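Here is what Swiss-Prot records for this protein:
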| type | residues | note |
| --- | --- | --- |
| BINDING | Lys88, Gln109, Lys112, Gly163, Ser375 | substrate binding site |
| ACT_SITE | Lys124 | active site, proton donor |
| SITE | Asp164 | site 'Important for catalysis' |
| BINDING | Thr207, Asn238 | NADP(+) binding site |
Amino acid sequence: MSISKAIEKVEARYAHQPEFIQAVKEVAITIKPLYDAHPEYDKLKVFERLVEPDRVFGFRVNWEDDNGEIQINRGWRVQFSNALGPYKGGLRFHPTVNQSVLKFLGFEQIFKNALTGLPIGGGKGGSDFDPKGKTDSEIRRFCYAFMRELHHYVNKDMDVPAGDIGVGGREVSYMFAMYKNLTRESTGVITGKGVGFGGSLMRTEATGYGAVYFLQNMLAAQNESIEGKKVLVSGAGNVSLHAAEKATLIGAIVLTVSDSKGTIYDAKGLNQEKIDWLKVQKDQHKPLADYVEVFGGEWMADQKPWSIKADIAIPSATQNEINEEDAKLLVDNGVKYIVEGANMPLTAEAIDYIRLHRVHYAPGKAANAGGVAVSALEMSQNSVRQYQTFEQVDERLQGIMKDIHDSSAQASEMYGQTDEGYIDYMSGANMVGFKRVADALVAFGILN
């Protein structure tokens, strides 16, 4: 079956899952030159197999709030592909979570994980539980209840979840404690743990730092440096603040961070003191707008960062945060590089627009793979009961991000997607990730 026919089949079968369809189409369109060059992929229906998860688990999560009321949420775990290793992907707690969102994230995770070159498959999970406004006791009770259900489907050799939006170190700790209580095993079943009980140094920083390392390689490919470049960052969570931190440390001028209520614009640029203040502010769930009272700058209520002149954008908030109108603003304001810190933060129309205007674009599956790369290193450390230093992990991370950049650029050129120095990282990354998984599926026959 041709790629176009496969897309039609997905659209018909999952018409009610727009995020998933968007992710599938983005990969399908860009891998066509590779797919056409390998008839064995079509013969064994590799693409059709990859768009269907191995399995999807759904479950009810009952928990008790501080008023003694029983609350009910939905939970899911999507085990998409274990062709390259155990299922690996985060858990997201957010009211927008549904099967479509988790399937899009799990599908992307297959190729992101493949790009790292590490032996991990792709999966994703989460719940429509909203941590905002909940007390620590309520979050703890929910995490315990969630893991009571999830523990049936995960273990260190089959499926290893991690954190994502709404799931940080606190939530991972609660879930890990419940897993140990239920199974009487202390294993590497979940990553993002505290360093004192099996976690890896640098896991917190990895996604944001990794995105900036990828950006450095993009700039170097164009004979440019990050020094003095003006950067727009969206979001104010873990990825956003660590991307801002690393960019600042190596000489960029980070002008913005944002949340759902608006954007901080600091024309002087962030520094370490300001970033440390922002980390505390977000950890304590206090308003981002307070920044202006402490450090000055401008609070742009109900606005995104994209109307500000800059060289680089790192969207790190959530999926589809940049639409076509935002993309036009970015181009009009001089942005030449876009690096996705979040998963699929650009709509399909926005991607088409920036590529048409030759903006250098790094898709999330390549640019934000640093988080899962260090998660895999945590799994390795757990298996041999040894820790690596921050410097050792950072060196590995820089090497992994360089390899992802270089392999994506080489694939772009090999399949005719590079034009007068403009590297099509989206096509390149999709082809590299897809080929690694597809070759494994061909080797396995029809059993995987």
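Any Cβ shown, glycine's included, is placed from N, Cα and C.
Since the structure is predicted, the reported quantities are computational estimates derived from the model, not experimental observations.
Projection of Swiss-Prot feature records onto the structure.
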residue : record                    : Cβ contacts under 8 Å, 6 or more apart
Lys88   : substrate binding site    : Gln109, Asn113, Ile120, Gly121, Gly122, Gly123, Asp159, Val160, Pro161, Ala162, Val372, Ser375, Ala376
Lys112  : substrate binding site    : Gly122, Gly364, Lys365, Ala366, Asn368, Ala369, Val372, Gly433
Lys124  : active site, proton donor : Arg77, Val78, Phe80, Gly89, Gly90, Leu91, Arg92, Leu102, Lys103, Leu105, Gly106, Gln109, Asp164
Gly163  : substrate binding site    : Gly90, Leu91, Gly169, Glu171, Val172, Gly192
Thr207  : NADP(+) binding site      : Asn238, Val239, His242, Ala243, Gly341, Asn368, Gly370, Gly371
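The candidate set comprises the binding-site residues Gln109, Asn238, Ser375. Of these, Ser375 has the most other Cβ atoms within 10 Å. The maximal spread of the substrate binding site, taken as the longest Cα to Cα distance among Lys88, Gln109, Lys112, Gly163, Ser375, is 16 Å. Highlighted in sequence order, Gly89, Gly90, Asn113, Ile120, Gly122, Ala162, Gly371, Val372 have their Cβ within 8 Å of the centre of the Cβ atoms of Lys88, Gln109, Lys112, Gly163, Ser375, the residues recorded for substrate, and are not part of that set. Look at Gln109 (substrate binding site): DSSP puts it in a helix. The local packing around Asp164 (site 'Important for catalysis'), expressed as other Cβ atoms within 10 Å of its Cβ over all shown chains, amounts to 23.
Lys88 (substrate binding site) falls within a strand when secondary structure is assigned with DSSP.
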